[in-house]
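Here the structure comes first, spelled out in structure tokens, and everything after it is commentary.
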Protein chains: 2
Amino acid sequence: MIKLSDAASDLASDRRTLDRATCEGLDAADPLASFRDRFDLPDGVVYLDGNSLGALPRATRAHVDRVIAEEWGVGLIRSWNDAGWFAKPQAVGDRIAPLIGAARGEVVLGDSTSASLFQVVAAAARLRPERRVIVAERSSFPTDLYVIESVQEAVGGAEPLDRRLVHDDGPTLDDVLDDDVAVVVLTHVDYRTGRMHDLAEVTARVHAAGAIMVWDLCHSVGAVPVDLGSAGADFAVGCTYKYLNGGPGSPSFMWAASRHHDGARPALTGWHGHARPFDFEVGYEPVPGIGRFRVGTPQLLSLSALEASLDIWDDVDMALVREKSLRLTELFVSLVDRRLAHWDVEVVTPRRSSLRGSQVALRHEDGYAVMQALIERGVIGDFRAPDLMRFGFTPLYVSHADVWDAVDVLHDVLSSEVWRDPRFAHRGAVT
Amino acid sequence: MIKLSDAASDLASDRRTLDRATCEGLDAADPLASFRDRFDLPDGVVYLDGNSLGALPRATRAHVDRVIAEEWGVGLIRSWNDAGWFAKPQAVGDRIAPLIGAARGEVVLGDSTSASLFQVVAAAARLRPERRVIVAERSSFPTDLYVIESVQEAVGGAEPLDRRLVHDDGPTLDDVLDDDVAVVVLTHVDYRTGRMHDLAEVTARVHAAGAIMVWDLCHSVGAVPVDLGSAGADFAVGCTYKYLNGGPGSPSFMWAASRHHDGARPALTGWHGHARPFDFEVGYEPVPGIGRFRVGTPQLLSLSALEASLDIWDDVDMALVREKSLRLTELFVSLVDRRLAHWDVEVVTPRRSSLRGSQVALRHEDGYAVMQALIERGVIGDFRAPDLMRFGFTPLYVSHADVWDAVDVLHDVLSSEVWRDPRFAHRGAVT
């Protein structure tokens with residue numbers, strides 16, 4: 001039996017033989033190995049795209065079917081009370097809270113992540129009405145920037161708010177932080193490179209400048225430990241269809257530190273956020289607490305699929321997830337170093353584990369075609385323009401042997417040059 | 001066999017005997033009767049709340065299960081292309097278009113109705129930047145008013161836009177329409193009384209004043225014929241979980257006349273509305289067409305349930321729906337007049353058919369308790385504060401015999417005074 005605690009450093013320092021048997025040994029000692037049985041994964045597939053769409057939990061089909069047949073079909077309108085539908089966005093939020101270091105009553109499910117970010121960034125900016133700047137990262141997932149454009153206009157008053165973009169190539173956060181910055185919006189784990197911010201350290205710097213800190217947790221919730229509470233952050237949004245396995249387009253969540261609940265004015269004021277929604281009053285009055293971030297009727301079937309996947313998360317130790325995640329990404333990088341040195345493949349993701357989420361990006365000039373050839377062979381990652389192949393490592397269902405097999409197939413694709421086949425050429429496909 | 005065309009006027013003019021056998025005769029001659037078999041309704045229930053949450057179509061469970069098992073479980077991330085997920089909000093919109101007099105490419109599915117209304121009203125107001133007023137109805141479903149409050153602030157610039165509320169008790173639309181009105185937001189069929197506007201006539205009046213017309217179709221789509229195109233209206237939103245039977249919280253739709261597509265600036269700019277979403281550009285550029293009203297990733301499972309119910313609508317003749325709807329509401333009102341005259345029950349819904357949607361509201365001082373007693377006996381309607389009992393008549397699955405039975409049970413509840421039992425007292429329940 002291989003000692004797990006040594007494995008990662010062994011891999012990194014290149015001291016040991018590394019073959020499929022080594023990987024199988026790591027799997028045999030993996031305390032999370034049994035979680036794989038709680039997912040339905042197709043045969044013959046190594047799924048390394050859980051950072052984009054998580055795999056299907058085995059319990060989801062029956063749970064959603066029961067909600068449809070019993071809660072909707074039989075309960076009908078009565079289920080808004082009897083099945084707790086109205087309370088569900090907050091009840092589900094309370095189940096996500098432990099994964100992000102939030103307290104009960106601080107998390108609520110919303111519409112799409114983009115809509116929720118609009119909701120939260122607008123509320124954040126309104127807490128600093130005397131300041132005129134929103135800071136964001138140029139490398140953000142673009143919808144964050146697009147949403148910020150809308151917030152700049154919606155909250156700005158006579159003139160739109162200004163925006164300052166930071167980037168690894170400069171300007172840095174310290175360059176742009178001054179007393180005109182109202183809000184800083186950063187993504188904890190970068191969607192392309194997997195680079196991770198130090199959440200507490202950055203929050204402290206932003207607070208020192210008097211600004212409000214908004215975290216985008218799309219690529220970190222369920223992938224790495226997150227502790228918003230200890231960091232003293234202000235707001236966050238996150239995605240539930242990646243590492244949380246809630247299903248395609250499952251609803252986003254919003255978090256607000258409880259100190260902001262009663263002063264916050266979200267941008268969208270719908271009846272589900274009203275203090276007395278069933279009194280049908282003419283004027284809007286926000287409910288106390290996180291509920292004021294709600295807008296309209298939640299999409300219950302998508303929400304119910306997420307509930308089924310959270311049953312898994314109730315049993316998960318995030319420390320073990322992080323440990324395995326680092327072992328998987330470390331293993332992948334080591335294998336890429338050892339086996340793909342001959343080809344022009346660059347590891348873009350930070351090699352230092354404290355700076356890395358649960359994914360690895362490889363740069364290759366023809367990354368699109370290489371990825372299509374990989375997918376045809378059952379190794380599913382994805383591609384991000386212009387030249388990045390992304391591989392997500394989801395500790396609950398990806399094994400060490402999967403990592404071996406993925407690099408093995410990648411080796412074959414590169415050495416055979418099969419990716420040069422015209423059928424893999426970029427045709428503007430959407431994902 | 002009873003001649004259907006005569007039945008409604010016979011009922012109204014009170015010329016004929018009216019008993020359960022008469023109703024069964026109407027059912028035997030009903031050209032829509034077979035549609036009831038396409039729904040799963042619980043035994044022993046008369047469901048008159050399809051105006052709040054539509055019943056479960058028989059095909060939905062299998063369809064959603066297939067989407068979960070095959071498209072998500074097996075297709076995984078590939079389904080964004082292979083199963084058409086990315087295109088789905090517009091593909092499903094094209095299937096709703098015929099129900100509202102819209103052209104292909106003019107309808108798109110969104111988040112909640114509240115979020116979609118924000119999106120559309122903001123875009124409408126921005127088309128009249130020199131005007132400062134949004135007009136709405138005080139009797140709107142309140143979320144419309146709450147959302148308009150947000151639009152007033154988001155679009156107003158230095159000062160929020162003004163709002164003028166019209167009401168049956170005054171001021172009227174003509175009182176408030178002047179050249180400072182940018183947008184008029186009206187609900188086609190009132191959520192409480194079922195009163196219906198003349199969509200074309202009102203649109204023409206609003207246009208004559210130079211304003212933009214936004215229709216809320218939540219209580220009309222699938223209930224009454226709607227022809228936005230002929231009316232020359234500008235924007236609309238609607239709900240799919242009422243008469244369209246898309247399931248709890250199924251996504252709202254947005255409609256914009258094609259002449260507005262390329263000039264419209266919706267409030268929420270997310271990546272699914274971008275011209276090139278998978279180029280991951282830093283700046284937002286809206287896609288030409290209705291797609292620019294999209295925001296983020298659609299909640300696919302909720303959307304897939306809606307797809308299953310639209311298979312039914314592909315086979316429905318809206319003229320027959322309207323004919324049966326009027327027959328059902330007429331029958332209900334006639335029975336209330338004949339059998340409940342002894343109790344203090346007032347028909348609030350217009351008796352003139354051209355002014356009525358597909359629901360009837362009865363006013364009763366203790367409407368809440370009466371409705372709870374009805375529900376306990378299997379007649380499901382709902383209650384709207386302070387004193388309205390609502391009964392929705394969904395022509396695809398409500399029969400004439402159902403209407404008889406509902407009034408019969410209502411008669412029993414009123415005559416026995418069982419509703420005075422303390423267990424039916426108002427406890428602030430949510431629906």
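Count begins at 1; order follows the chain as displayed.
Placed from the backbone N, Cα and C atoms, the Cβ positions cover glycine too.
TrEMBL: automatically predicted annotations, no manual curation.
Quick caveat, the model's predicted, so the values are computed rather than measured.
Pulled from TrEMBL, these are the features on record:
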type: BINDING; residues: A:Thr113, A:Ser114, A:Phe141, A:Pro142, A:Thr143, A:Asp144, A:Thr187, A:Asp216, A:His219, A:Tyr241, A:Trp271, A:Thr297; note: pyridoxal 5'-phosphate binding site
type: MOD_RES; residues: A:Lys242; note: N6-(pyridoxal phosphate)lysine
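A map of TrEMBL features onto the structure.
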residue: A:Thr113; record: pyridoxal 5'-phosphate binding site; DSSP (3 states): helix
residue: A:Phe141; record: pyridoxal 5'-phosphate binding site; DSSP (3 states): coil
residue: A:Thr187; record: pyridoxal 5'-phosphate binding site; DSSP (3 states): strand
residue: A:His219; record: pyridoxal 5'-phosphate binding site; DSSP (3 states): coil
residue: A:Lys242; record: N6-(pyridoxal phosphate)lysine; DSSP (3 states): coil
residue: A:Trp271; record: pyridoxal 5'-phosphate binding site; DSSP (3 states): helix
Least surrounded among the binding-site residues, given as A:Phe141, A:Trp271, when other CB atoms within 10 Å are counted: A:Phe141
Cβ under 8 Å to chain B, applied to recorded positions A:Thr113, A:Thr143, A:His219, A:Lys242, A:Trp271: A:Thr113, A:Thr143, A:Trp271
Using Cα positions only, nearest of the binding-site residues to the residue listed as 'N6-(pyridoxal phosphate)lysine' (A:Phe141, A:Thr143, A:His219): A:His219
Around the Cβ of the residue listed as 'N6-(pyridoxal phosphate)lysine', the count of other Cβ atoms that are within 10 Å: 27
Cβ packing number for A:His219 (pyridoxal 5'-phosphate binding site), 10 Å threshold: 27
Neighbourhood of A:Thr143 (pyridoxal 5'-phosphate binding site), C-beta criterion under 8 angstroms, separation at least six: A:Thr113, A:Ser114, A:Leu117
Fewest other Cβ within 10 angstroms of its own Cβ, chosen from the binding-site residues A:Thr113, A:Thr187: A:Thr187
Site extent for pyridoxal 5'-phosphate, whole Å (max Cα pair distance, A:Thr113, A:Ser114, A:Phe141, A:Pro142, A:Thr143, A:Asp144, A:Thr187, A:Asp216, A:His219, A:Tyr241, A:Trp271, A:Thr297): 30
